[in-house]
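J.: After the structure tokens below, expect a handful of questions from me.
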Amino acid sequence: MAVYITGGIAAYKAAYFVRALIKDGAQVRVAMTRTATEFITPTTLQTLSRHRVYTDKTLVYDDEIVPHIELADWSDAAVVIPATANVIAKISHGLADDFVTSALLASACPKFVVPAMNEKMLKNAATVRNFACLRADGVNVLEPDAGFLAEGYEGRGRLPAVTDVMKWIQGKIAQSDSSVKDMKGKRVLITAGKTVEPIDPVRYITNHSTGRMGYALAQAAAERGAKVTLISGPTTLACPAGVHVVSIKTTAEMAQEVDKYFAKMDIVIMAAAVSDYRIEKPAAQKIKKKSSTLELKLVKNIDILKRLGQKKKEQVLIGFAAETQNLLENATRKMQEKRVDLLVANDVSRADIGFGSKQNEVTFLRPGHEPLLVKKSDKRQIAEKIFDCIMSF
């Protein structure tokens, strides 16, 4: 495996990644950008990998070897860690102005990009476009973590833990090896994230959903060959490769978009955390602090899942139940009331599997079947198990 280290503050963590690969039995060779060598020395990586480290100085050709082609031909996988915004911009547009970008452009093996940068750079429209370009080209891109940044404040853009990066790469390789395309030709509609209901032009009511589960489902379905439409509330997650995304904000907007696509779908998965209530009359202007109390009148939103259950014909309908108590009792009632073919229930009161967590633990409920517990695992793995269940119907 070729490991490409670029010049970010997280470059030192790449040493731990290389060591983890070696302990796992991998053969590793390392290439570094000029700036990366200012954060961590090539000697460190050479000692860990037990191979010479490729840098811009290696661009010097001898009579027999073209170094960047040598590395590209040797590697069966390429990992860019950490991947800076600058290098992401370069490789997404095919630039090859140093050793790292030249070798990556010449590499035909699976590529894995592990970004790390400031949150403002991460959210910049240009970076978002570059991520989309990479994914469209079949490059695997790992979403950065949130946490305390080098700039001294909380935000998204941290390099994920080495163990998480390892699991992600191993999972991607396993998926590629299995080449499961059992959903080819299936049309799948998925909702994800939260909806927001305005109080005034400044404030709104919502929930803690990040959309991770819905986005994992969309990516899994697309990779299994399905044609996927994802209706998403506000989120910071990147658009999954090969997925048509429709962005909405309110529950009413989600209901409108679901109605537009529902009849044409084979599988419909309502994974979004929809606001059950909305403000009856949102204020046209910002509400001022004039009194010590403020009363808001809420009215019930349309129950999208229940309405779909009433009008579904050949569609397979899947719902989610986010509960904080009496999980099986409440989820069973919801399964019956909503007339779903599968209900995925989870306990969001648990911090380790609740909103925003990368992992989940769920229970599958189906009419006429015993509940099936799927123990705590990565949300992508949960997504695969959901589709395994659906395809067994």
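Placement of Cβ uses the backbone N, Cα and C atoms for every residue, glycine included.
Residues or ranges marked as CTP binding site by TrEMBL: ASP276, LYS286, PHE320, LYS334, LYS338. Among the features that TrEMBL reports, domain 'Flavoprotein' is placed at 2-168. The domain 'DNA/pantothenate metabolism flavoprotein C-terminal' annotation in TrEMBL covers 183-391. Taken from TrEMBL, the feature region 'Phosphopantothenoylcysteine decarboxylase' applies to 1-187. As annotated by TrEMBL, region 'Phosphopantothenate--cysteine ligase' applies to 188-393.
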J.: Measure the Cβ-based neighbour count of LYS338 (CTP binding site), defined as the other Cβ atoms within 10 Å of its Cβ.
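T.: So the Cβ neighbour count for LYS338 (CTP binding site) comes to 20.
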J.: Rounded to a whole number, what is the top Cα to Cα distance in Å among the residues the record ties to CTP, namely ASP276, LYS286, PHE320, LYS334, LYS338?
T.: 37
J.: Quick check on the binding-site residues LYS286, LYS334: which one has the highest count of other Cβ atoms within 10 Å of its Cβ?
T.: LYS334
J.: Of all the binding-site residues given, ASP276, PHE320, which has the fewest Cβ neighbours within 10 Å once its own Cβ is left out?
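T.: Across ASP276, PHE320, these binding-site residues, the one with fewest Cβ atoms within 10 Å is ASP276.
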J.: Where does LYS334 (CTP binding site) sit in DSSP terms: helix, strand, or coil?
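T.: Where LYS334 (CTP binding site) sits, the three-state DSSP reduction gives helix.
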J.: To what whole number does the mean pLDDT across the region 'Phosphopantothenoylcysteine decarboxylase' (1-187) round?
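T.: That region's mean pLDDT is 90.
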